[in-house]
Amino acid sequence: MSADNVYPVPQNVADHALLNRQQYDQMFKQSLADPNAFWAEQADQFLTWFKKWDTVNNSDLAKGHIAWFEGGQLNVSYNCIDRHLEAHGDRTAIIWEGDTPGDTRHISYKALHAEVCQLANALKARGVKKGDRVAIYMPMIPEAAVAMLACTRIGAVHSIVFGGFSPQALRDRIEASECQVVITADEGLRGGKPVPLKENVEKAIDGIAAVHTVVTVKRTGNPVSWSEPRDVWYHEIIDAASTECEPEPMDAEDPLFILYTSGSTGKPKGVLHTTGGYLLQAAMTHRYVFDYHEGEVYWCTADVGWVTGHSYIVYGPLCNGATTLIFEGIPTYPDASRFWQVIDDHQVNIFYTAPTAIRSLMGQGDELVKKTSRQSLRILGSVGEPINPEAWEWYYRVVGDERCRIVDTWWQTETGAIMISPLPGAIDLKPGSATLPFFGVNLELVDNDGNVLEGAVEGNLCITQAWPSMMRTIYGDHERFINTYLSTYAGKYFTGDGARRDEDGYYWITGRVDDVLNVSGHRMGTAEIESALVLHDAVAEAAVVGYPHDLKGQGIYCYVTLMGGIEPSDALQKELSDLVRKEIGPIAKPDVIQWAPGLPKTRSGKIMRRILRKVATNELDSLGDTSTLADPSVVDDLISNRAGQ
Ligand code: ATP
Ligand code: MG
């Protein structure tokens, strides 16, 4: 194992942070020793309740029953808006940066309140009741957040489908969660190109009689087909509605939303989250992981179609009274310095993005970053995949000017909130490690037989106690919930991810357990080999999978995307092979290197290794569910250029 770089917390950062190391240690200890007292205290501090709970935690992982704050009542939109009005009504809740530079809006908490109430009233007028499901299929415009909050105000359950999904994927999700209403826009706009959202909705709901209302926001103004009385314009129904709407008191365990996972590993799962526990942990992690100080501008680049957008664009930040930036565009339009320009334009203090974006912008060279100031930045975040140390160092050095703390946050749609992450003022950083668990998160590494592993070791990552923002079920399929997460290691939540714990107790996510290789009896994470490959200047991105190998059990198959302008060659292949050997050891030497102009990714930008595995083993008729693939043509190219073994 190569020696780790450590970036200790500078004293001035510790002094100004919400939590220092001593406080983290003390709170973490209490959170595990006396979870009921700990969470009761946090629930009091972070949320406003209409009625206090009777029991803090009534969960039993072995039985698949999860419940927090039963008997308590609250409303999410009230917590995210109303309670801030008196002291901070004029504060900007949402800064919107449109696809076209300079196209921006500032929405105060007061204005957000009025519009959320209007839409809530309009939905009620269309017959939407507590518990009804509403699909949201929208571009990244403020109305998307308004739609989410309006649902929560009246107790409707939203199910957001990423605006880049096809009509078929949208249809599957609308049917599976039995939505009666769809909220959309005429078109989206990304990188200057229109996205036909309303047209896609038409195709998706064709023949589904249950959908009685489609609300359409006018975004581009281009003509769309229209069918009354089903279709209504967003601006018309809200103009006709009152700006006051009483928030519906919801039980802590009432459903809040359904969200489908990205589909990296198989058929997407409709994850159900409930009200009290989810909101508490979203708010608390947002405050502590990003060390959010009042008045700061916070920007998460995710789409609201992913869980990161739910917890860290809308619910966490607004619950904390923060100013959250919503970005409609893409990182490379009009050019690849867009992120850094937006940071300067809006004086962003905290920036949260994904390794896929960091790696691709790193590939564009430093000049595009360096020509911007970025002086406002204080904290940088990463989420979605393991971040290779090489990309981490670039993020730290070039984007953050060696001044910003980096929080590499590990979590899942299912966990609802960040589970493993550094806290800026408390935890020393190691590039590539998500570091230590958040409060109340009891991690365990187990071997394949379920034996608990102690000390510095690698294994399957489990969580042994329920936490407030844990998913409650897979919508409509509780059995699948139990089988997928709670049965592999009885009584524990199994994440599906592998991890290594080092001598300092730091966690290093090695990738999906299905992707962990066993080469001649040695277990190896794909992330480790990929990180070695991207150390080479010629490599932009790499993905590694295993395939059956007569002698070694499993062989190492590497797909490598080169930097723009670099030509593949046998000499380069040898250099890469030698590099992996040198970095990890002879055992990790690649068996196959295939040049890949592009890698198959989900629409959230994650590499789909399961497809790469199928290509490597030549099982081309069983590629599995490919509906969440961003660009199917990438797969055709990989197949036709398959390397012989
Ligand atoms: P599906 O469950 O449908 O296969 P998915 O797991 O990609 O899709 P998400 O819930 O969006 O859907 O992603 C969670 C997964 O992303 C984690 O299980 C982990 O593998 C990976 N991940 C997220 N953050 C990190 C991180 N900071 N470091 C390493 N891996 C991460
Ligand atoms: Mg998953």
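Heads up, the Cβ atoms here are built off N, Cα and C, so glycines get one too.
Fair warning: this is a prediction, and the values are worked out from it, not measured in the lab.
Now, the feature entries from TrEMBL:
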{"type": "DOMAIN", "residues": "24-80", "note": "domain 'Acetyl-coenzyme A synthetase N-terminal'"}
{"type": "DOMAIN", "residues": "82-473", "note": "domain 'AMP-dependent synthetase/ligase'"}
{"type": "BINDING", "residues": "R190, G191, G192, K193, T308, S520, R581", "note": "CoA binding site"}
{"type": "BINDING", "residues": "G384, E385, P386, D408, T409, W410, W411, Q412, T413, D497, R512, R523", "note": "ATP binding site"}
{"type": "DOMAIN", "residues": "528-606", "note": "domain 'AMP-binding enzyme C-terminal'"}
{"type": "BINDING", "residues": "V534, H536, V539", "note": "Mg(2+) binding site"}
{"type": "MOD_RES", "residues": "K606", "note": "N6-acetyllysine"}
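A simple Cβ count within 10 Å picks out one of the binding-site residues G191, G192, G384, P386 as the most packed, and that one is P386. The Cα of H536 (Mg(2+) binding site) lies closest to that of P386, out of the binding-site residues T308, P386, T413. When every Cα pair among R190, G191, G192, K193, T308, S520, R581 is compared, the largest distance found for this CoA site is 51 Å.
In sequence order, E390, L533, L535, D537, A538, A540, A542, V560, L576, L579 are the same-chain residues whose CB sits within 8 A of the CB centroid of V534, H536, V539, the residues recorded for Mg(2+) being left out. Secondary structure of the domain 'AMP-binding enzyme C-terminal' (528-606), assigned with DSSP and counted as helix (H, G, I), strand (E, B) and coil, comes to 24 helix, 27 strand, 28 coil. Across the residues of the domain 'AMP-dependent synthetase/ligase' (82-473), the predicted structure has a mean pLDDT of 97. DSSP places the residues of the domain 'Acetyl-coenzyme A synthetase N-terminal' (24-80) in helix, strand and coil in these numbers: 30 helix, 11 strand, 16 coil. Reported as a whole number, the C-alpha separation between P386 (ATP binding site) and V534 (Mg(2+) binding site) equals 13 Å.
With every protein chain in view, the residue among the binding-site residues T308, T413, S520 whose Cβ has the most Cβ partners within 10 Å turns out to be T308.
When the record's ATP-binding residues G384, E385, P386, D408, T409, W410, W411, Q412, T413, D497, R512, R523 are compared pairwise by CA position, the greatest distance found is 27 Å.
The recorded positions R190, R581, K606 differ in how many other CB atoms lie within 10 Å of their CB, and the one with the most is K606.
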